[in-house]
Amino acid sequence: MSCPVIELTQQLIRRPSLSPDDAGCQALLIERLQAIGFTVERMDFADTQNFWAWRGQGETLAFAGHTDVVPPGDADRWINPPFEPTIRDGMLFGRGAADMKGSLAAMVVAAERFVAQHPNHTGRLAFLITSDEEASAHNGTVKVVEALMARNERLDYCLVGEPSSIEVVGDVVKNGRRGSLTCNLTIHGVQGHVAYPHLADNPVHRAAPFINELVAIEWDQGNEFFPATSMQIANIQAGTGSNNVIPGELFVQFNFRFSTELTDEMIKEQVLALLEKHQLRYTVDWWLSGQPFLTARGKLVDAVVNAVEHYNEIKPQLLTTGGTSDGRFIARMGAQVVELGPVNATIHKINECVNAADLQLLARMYQRIMEQLVA
């Protein structure tokens with residue numbers, strides 16, 4: 001199958017860009033963008049490669065994505081080596097095919113076609129690309145956004161190419177994401193012998209009523225755009241491994257995926273009040289990895305919906321479900337942010353794959369979005 005989008009996707013897959021190693025992917029993208037008149041600014045931080053590229057001026061539409069991928073797992077379980085792209089029955093296999101090298105290829109090819117047809121486009125077209133989205137994300141998009149904000153860079157619209165679709169490309173568009181807040185909580189007791197409990201203070205016993213009450217809380221009921229806030233215990237650890245020692249500490253890690261009905265401060269206040277109610281001795285550490293954001297119906301959402309309806313003849317669902325994405329950082333710039341990408345059924349899995357025809361369709365959708373906003 002010969003197609004510019006498929007060929008570029010295959011070139012990217014062949015580069016084993018395990019986060020945060022870019023493995024030459026960005027050099028390939030930069031070469032293509034510079035060839036059509038983009039100015040490229042490399043913005044590397046520590047071990048992470050990033051770039052910000054732009055063409056034109058005025059109202060700005062940026063396409064954002066990441067070149068890094070997660071580890072492939074056991075390569076012997078793949079139907080072909082994970083970094084050797086292979087097409088079988090119309091499906092393109094390879095690590096990163098769906099998440100998200102296919103989207104990157106579709107973006108670049110769409111830009112090439114758009115510039116060829118609109119060499120004097122009235123708005124500014126931009127790219128924000130990082131090599132660290134899948135791992136810590138500490139030196140990726142967030143650092144680029146901070147640098148752009150410090151110099152008052154303009155960003156009106158941003159399309160993130162994360163694999164948003166469920167069954168066919170464009171059936172789901174993400175116009176927001178929930179916030180994510182993690183609590184690392186240590187309950188302090190006194191270690192001792194299980195035969196002499198009066199000489200110890202068991203933190204597991206002390207914390208049990210607190211945990212029961214915590215998991216029973218209905219944090220909110222969500223709203224028109226967001227499901228109800230969810231709290232899940234992710235890790236819980238105590239004890240020495242011996243059956244005759246009362247542990248001295250209990251560690252509990254729990255995560256909130258929260259809607260716009262709550263703030264992270266409201267969650268913290270409620271958890272701390274509950275700890276005090278149960279008279280626990282504790283230390284606590286919070287990690288806020290992202291605030292919730294929502295892009296309401298407007299020029300970007302309308303352009304994305306129009307592109308999907310035009311090429312796939314379906315009306316996409318606008319959802320805020322799922323995990324976090326780099327859109328949470330970009331939203332800080334005041335931009336309208338939407339995610340549109342391929343089907344996500346196999347992302348991070350053995351035999352990750354994407355329908356090759358979907359990538360061609362995605363490039364056409366991306367081009368139509370460009371034409372509506374910055375032509």
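Positions of Cβ are set from backbone N, Cα and C atoms, glycine also.
In the record from Swiss-Prot, residues Asp99, Glu162 bind Zn(2+) 1; the candidate from His66, His198, His205 listed for the same site is His66.
Across the fold, the C-alpha of Glu162 (Zn(2+) 1 binding site) and the C-alpha of Glu134 (Zn(2+) 2 binding site) stand 11 Å from each other. Among the recorded positions His66, Asp68, Asp99, Glu133, the ones whose Cα sits within 10 Å of the Cα of His348 (Zn(2+) 2 binding site) are Asp99. When the alpha carbons of Asp68 (active site) and Glu134 (Zn(2+) 2 binding site) are compared, the span between them is 7 angstrom. Note: the Cα of Asp99 (Zn(2+) 1 binding site) and the Cα of Glu133 (active site, proton acceptor) are spaced 11 Å from each other. Packing around Glu162 (Zn(2+) 1 binding site) is summarised by its Cβ count: 27 other Cβ atoms lie within 10 angstroms of its Cβ, all protein chains included. Note: the Zn(2+) 1 site is recorded as His66, Asp99, Glu162; in the same chain, Gly65, Met100, Ser103, Glu133, Glu134, Val160, Gly161, Pro163, Ser325, Gly341, Ile347 also have Cβ atoms within 8 Å of that site's Cβ centroid.
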